[in-house]
Every structure is written in structure tokens, then in C-alpha cells.
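Each remark here refers to the structure printed beneath this line.
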């Protein structure tokens, strides 16, 4: 039965036989005495102790928790005799043993902190494969530029590959044996590099001397960054000029809208007959002009605040930075958000007036037609005919106000087969409203005129409604129901009102005028 002791080695706790402990302590003390002349003796010893602790952990198992003499001898065999590197030929022996170890020892992959630009991944891969790290850096950069996938693999490798923090890990990364000789030489090499870098810095050669920042790849990256910076600076100037031009144009538009609203100038051009003034335009949608003026005010507030933001941004991009930038940076977004919210709220309220659609229908059986032919005509239009383009015009192009009534040219006449032997005219009046009931009331308020005189049927191209009912997309759709084998004649001028009449010949509305059409079993057919 042997006596055991518990020791702490490089932060690890071990239970070891007392005789083995004495031999290990003597071994480490001998190493320290041989390294007493080194400046970094404490750091070297710490790495040696870490290596010893690593080797000892490998010797322990679930059934073996105490280290003995054989374990210490195993550690000493791997690390070597410290007296080897005390003599004059230590460098030659070290070089020879290092050459052999590099040939026979398997490398371990680590991130190399001594040869890194970002995370040391490429430096570690270069050490593992014994090639220049710039090869891997170029691979990652090119894959990012060409395929856009260089970042993700790099981040994954950065996360899974450990960093070589200790001297032992750095030796393993380069495929060298982790022994006393190599640990000492590694420290001497790093110490010389530090001294050289400091001397270069002291001589004015720059703090970057000896670092990887000045390597070829980093110069390429710096060039790319400088190129993008130059492009951005030029683009920023053009964007600034564009912002100033846009702000100036918007300010002119805002001033025109402001003068139109204040002085009741023509606000919306509808056709060659004229335009709606701001007050007339307000009566289309709003109960009072004050509601319309409030929407205009909030809209202009948003517009002029946006103009200010564009002008300030534009001049700032050109180098003319305003004072009180903090106040401007806070106040402009606040005003924009508040004015936009109010404008959208009131505008949405106006749009909500068109939520529901309803119709009011009238069906009238025609008086006895003296012949088999009904001649259809359209009365002369004193409002929109000279400006009409087959119902493709904008809605406001067929809308005007006269003597406190709205006048609209949205009249559509269609032809369909009758269900019996009777001629019938069906008039559908459409309107929108906040509710279906309100929409129907507005549809009933539409005044439309048509009449029959023998075999002649006349339709007005316009209809009217009271100004108090407001504009709610009112329309009039008329269907002439023609009995089978009866004939209609579309007089000249009816192209003003007819719309999308189905016929066997599939003829356009404009070409159907001044022709006879017979209602057959197949539909409306051109009569020879």
C-alpha cells in the first residue's frame, strides 16, 4: 500500500502516489533551473505544466484514478530530458528532432490567433495543410463575391474550430511534438517577433510591421473598401443633388396647392370645358369645405416637412450641415408621422363614404311599337360630347357642376333579348354610400330622362342629382329588351351612350351605329 497526495497542476487536480509526486516535482524543478536564464520562464513553465496535466489526464480512466511512477515516466519520455537543450548543440538537436516530428506527427486543427485577419480560421487551415493562408482567404473572398456563400462557412468554422491559446496547442497545430525543447524554442521565437515589432514601431516603420494586416489579401480588401467608399461618396453627392431637386419640385407643387385652396383657383382639370375649383372639388366628397381644408392643411404640412427633410439631407450630403441637428432629427420625423396619420385618417373617412354600393331599378314596358323596327337615338349632349372617348375617359371627365346640381355623362345603354314578346326598357341607377341604405337613397336621387315616340326611343346622354347628395360614383345603366325576330336601328350619335353590346358578328360599338340589328335565337344579328 502506497501513500498518495493530491496536487494542483495548471488548474487541474490529480491524486498521485507520493514517490511519483517527488519524481515529478524534481523533474519540473530541474526544467525551471535550466530555464532560469530565460525572460519568460514563468510563461514557459505554465505551458509545460499544462502539457503535463494534459498527458496525465490521458492516463486516467474510470477504473484508474491514481497516478503512479509509470505515468510520470511516460510524461518524461514525451517531454524529454531538459538537459538536452542546455548544451551548445541544442539548436541542431532541436532542428533535427523538430524535422522528424513534423514528418511523423499528426497535426491538429486550431484557429491561429498569430496569423489572423478576422477569426484566425484561414491561418489555422493554412497551418493544418502546411500552405500559405492567403489561399484559403482568397477562396472565401471569391466564394462570397461570386456565389455569396463565403460568410456562412467561415462563421461555422469559426464556431466549431477551437483557438490555439497555449503554446502546446500551437505546436500541435503545426505538427510539432509538444516537448520542452519545442515549447522553449516557441517562446524564444515569439519573444523575438515581439521585440522586432516593437523596434519597428520605435523606428517609425509603423505599428503594422510584422502583422498580417499588411499582407497581400488585406491590401486587396483595403483597396475594395476604399473603392466602395469612393463610389459611395460620389453617389452620395448625386443623391444629395437629386434630393434637392425633388424637394424644390415638391415645394412648387405645394405652393400651387396652397394658393389653389386659399384663393379658390382651379384645382382639378376635368376636360376642355374647365376645371373644378378647390371649393367645388370639396363639395364632391365632403359635407363642409372646412373638412376638405383641414385635409389639405395636414397634407401640405406633411408635404412641406418632407420638402425640408429632402433639402436638409441634400445639402448635408454636399457638406453643408445645419446647426441644431439633434432638434431637426427629432422634430421632422415627429411632424411627418403626426401629419401623415391625421391626413390618412380623414382621407380614409372620405373613402369610407364609398364602402357600400346599391341600385334603384325601374322597368317600363314600351307602348305599342307601330312596326317590327325600333329606332334608337341619343339626344344631343351639351356637356361632354366634344370631349367623349367611348366611356374610357376618367370619371371626372364626365362630371361637372351647374346650378347646384351635379351633371354626369356616365350613361351606358345595352341591348338584350326579351323574355317574352314585349319591348321593355330597364333603367338601373347605381350609387355608393357609407351604408347600403344611404347608397340606395342616393341612387333614388338620380334624375334621368328618356322617352318613346312611336317607333322612336330617345335617351339622354346625361343625368343629374342634387348637390347635397354629394358625388358617390353615380351611374345609369340602361338595358333595352328586344323580343325575338324584332329589329332595332342604332341612329347616328348613339355611340355616345351604347356600351359593350353583344352581337353575333362581335362588332365593336362604334361600328354598330347606322345599322339594323335583328334579335335571333343566337342573339343580336346584323340584318341585311
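Glycine residues also receive a Cβ, built from the backbone N, Cα and C atoms like all the rest.
The feature region 'Disordered' is assigned by TrEMBL to 81-106.
Within the domain 'Phage shock protein PspC N-terminal' (107-164), the DSSP-based counts of helix, strand and coil residues read 36 helix, 2 strand, 20 coil. For 107-164, the entry in TrEMBL reads domain 'Phage shock protein PspC N-terminal'.
Residues or ranges marked as transmembrane segment in TrEMBL: 134-161 (among others).
Residues or ranges marked as transmembrane segment in TrEMBL: 238-263 (among others).
Annotation comment: TrEMBL describes 294-320 (among others) as transmembrane segment.
The annotation transmembrane segment is assigned in TrEMBL to 327-352 (among others).
The average pLDDT computed for the domain 'PspC-related ToastRack' (404-524) is 93. For 404-524, the entry in TrEMBL reads domain 'PspC-related ToastRack'.
Here the domain 'PspC-related ToastRack' (404-524) has, by DSSP, the following mix of helix, strand and coil residues: 19 helix, 54 strand, 48 coil. Only residues 6 or more beyond the boundaries of the transmembrane segment (294-320), in the same chain, are considered here, and those with a CB under 8 A from a CB of the stretch are 236-237, 239-244, 246-248, 250-251, 253-254, 257-258, 261, 278, 328, 332, 335-336, 339-340, 342-343, 346-347, 350.
Sequence-distant contacts of the transmembrane segment (238-263), counting only residues of its own chain at least 6 positions beyond either end whose CB sits under 8 Å from a CB of the stretch, comprise 277-278, 293, 296, 299-300, 303-304, 306-311, 313-318.
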